[in-house]
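Data first, discussion second: the structure below is written as structure tokens.
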């Protein structure tokens, strides 16, 4: 049985073949991002005891829609989105805080079987954010786009900087080149845990996603332009930065029709 960890600040366990994926990820081996090279990145926060806490990342894809991981919004909580965020512990003067009005989770998502895929959700905001230098829409790939092996990509987020460590206060980024499906699904990597509707990146044992990065974007450079090709989903429960256990993302290009249909009908 393969153990994996979802990368929100809550842990889910899914089924696999050698060790469980964990869906609670933060950037390990990364560096602080400049303010703000990734303006589509948002912080998804929940209300508890009168205070707001970061739980996941996400991508602004419309002025009133955010894309994140389904496992980030499994629990019934009061959520808000903070766009234009850089340092969670201080007011940067660029933040826009907006309540989440509606949550649409992919209908095939099963929190008891993370490895089945469909770890994607859309959040409709109570109001539109204002676009500026610090808040921009993420560019999505064309439907069906498949990344080449070793394609340049960056993961971003406020997740833990090491396994069982602390959440980052400033937005982090780490270079995670893509790992093609044939390699990532081989027995020495993730095996059958990884599906064709997922994207793998990293796996060098140094840099990875970790708890708190879940739902956030994988930005990949294709034809000279960055687009959001992945939604951070899970890592190995053996640790965030385990060699040959790349961070696994929901492949955005597999869900373009679903995304468009949800937005059009809501």
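Note: Cβ is positioned from N, Cα and C throughout, glycine not excepted.
Taken straight from Swiss-Prot:
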- 71: active site, charge relay system (ACT_SITE)
- 119: active site, charge relay system (ACT_SITE)
- 214: active site, charge relay system (ACT_SITE)
- 85, 87, 90, 95: Ca(2+) binding site (BINDING)
- 56-72: disulfide bond (DISULFID)
- 153-220: disulfide bond (DISULFID)
- 184-200: disulfide bond (DISULFID)
- 210-240: disulfide bond (DISULFID)
- 27-264: domain 'Peptidase S1' (DOMAIN)
- 1-16: signal peptide (SIGNAL)
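This view paints the features noted in Swiss-Prot onto the structure.
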residue : record                           : DSSP (3 states)
72      : disulfide bond                   : helix
85      : Ca(2+) binding site              : coil
90      : Ca(2+) binding site              : coil
119     : active site, charge relay system : coil
153     : disulfide bond                   : strand
184     : disulfide bond                   : helix
200     : disulfide bond                   : strand
210     : disulfide bond                   : coil
220     : disulfide bond                   : strand
Densest Cβ neighbourhood among 56, 220, 240 (disulfide-bonded residues), 10 Å radius: 56
Cβ-centroid neighbourhood (8 Å) of the Ca(2+) site, 85, 87, 90, 95 excluded: 82, 84, 86, 88, 89, 91, 92, 94
Nearest recorded site to residue 85 (Ca(2+) binding site) by CA-CA distance, among disulfide-bonded residues 184, 200, 210: 210
Cβ contacts of residue 184 (disulfide bond) (under 8 Å, same chain, 6 or more positions away): 190, 194, 198, 200, 203, 246, 248
Residue from 71, 119, 210, 214, 220 whose C-alpha is spatially nearest that of residue 95 (Ca(2+) binding site), among the recorded positions: 214
Fewest-neighbour residue among recorded positions, criterion Cβ within 10 Å, set 87, 90, 214: 90
Residue 240 (disulfide bond) versus recorded positions 72, 87, 119, 214 - nearest by Cα: 214
Residue 87 (Ca(2+) binding site) and residue 153 (disulfide bond), Cα-Cα, nearest whole angstrom: 22
